[in-house]
Every structure is written in C-alpha cells, then in structure tokens.
Amino acid sequence: MMEVPREIIEKLEIFQKLVKKWNKSINLVSDNTIHNFWQRHILDSLQLIQYIDNKEIHLVDIGSGAGLPGIVLSIAGVAQVSLIEADLRKCIFLEKASKISNNNVQIINQRIEKVEIDCSILTCRAFSNLNTIFNCIKNISVREKFLLLKGKNYLTEIVEAKERWLFGYLIHQSITCEEGKILEVSNLTKMI
C-alpha cells in the first residue's frame, strides 16, 4: 500500500467532500461509485504518483471532469498541473477544487483538439480509447510520457492504436482494481 502524508490525506478528504457536494448537480462521477469514493477515485488517481519521478514538472490532464487524476496529483505534490475540460460547469467545479492544492493549477475550458501546450506528462482517466486520445492531442507536446488509467479492454486498445501509431509502452497493474491497468506510453509518433 502507498504511504501518504497526513496533510495530503486531509486535503484529499476535503476534495472528496467537494466532489460529493457538486456531484448532486453536475454528475462528476457515477452515483454507483460514491459509496466507495476513496478506493475507486482517490486511490485510483493517487497511484499514478509512483510513476512520476520528478514532481517539479508540468502535467496535463485531459478530459479532467471531476479532477481525477489531475487535482489529486496536484494535491500530492506535482508542481504544475493543467486541466483541460470542455464542459464549463465542470471547469467551475475544477476552479473551486484547485484551491485545495498548494501547487499551480490551470483550468483550460476548451476542447482538447484546440489546446496547444507543452508538458512532461499527460494523464487521463475514463476519457476514451487510445486512438481517440492520440488523435485529440495533436497540438499537445508530451516530452516524457503518458500515464493512462485503463480498464479491461486495454489490450484491444493497444492493438488498434498500433495500426496507426508507433509508441513504446509498459503495463502496470492497478492497485485498486484487478481489471484496471496503468498504461505508461512513450515516444508516440503517427505512422505515415
């Protein structure tokens, strides 16, 4: 299990309360997962921190929605986080949630395809399949790697993406779900 400092746990608990409050009006997470929020959402997001060697980086989280994993990783110490979310209501929530973190959090209310930005690491959770993700981020420069939280169809997604893209990848087991995987993708290039 992960060792998490008390100060971070306290901030994550505040974040959890905020998500639950806002979820009643803008559906940030599935109602079926609210009862198990800490395991299903907080730990699922927080586990990515073990694959981030240097926290003094710029991380971009696409399709941020409820701030998972972006806000959680910012609270856990990632120095600069940009959250890209097209839904204005969710951006208003993200603005409130970003105040919980001591680090630099930028909210970008645009479609991912329109955003031009450079980062060290790109994350997303419950967003889309690999092909769609890779197509959406054509204007985002990812210097180091992608950390993508995936479910049971991860192998199919890899096979399908390999038909259009060249990339290296590692598969890590999720600590929160047997079917869950973390895809660590690097050196992404579109085939000609």
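Just so it is clear, glycine is given a Cβ too, placed from its N, Cα and C backbone atoms.
As annotated by Swiss-Prot, S-adenosyl-L-methionine binding site applies to G63, L68, I112, E113, R125.
A 10 Å cutoff on Cβ-Cβ distances gives E113 (S-adenosyl-L-methionine binding site) a total of 12 other Cβ atoms nearby, all chains included.
The Cβ neighbour count for R125 (S-adenosyl-L-methionine binding site), using a 10 Å radius and every protein chain shown, is 23.
Over all protein chains present, the Cβ of I112 (S-adenosyl-L-methionine binding site) has 24 other Cβ atoms lying within 10 Å.
According to its DSSP assignment, R125 (S-adenosyl-L-methionine binding site) is in a strand.
Using a 10 Å Cβ-Cβ cutoff, G63 (S-adenosyl-L-methionine binding site) registers 21 neighbours. Whole-number maximum of the Cα to Cα distances across the S-adenosyl-L-methionine-binding residues G63, L68, I112, E113, R125: 20 angstrom.
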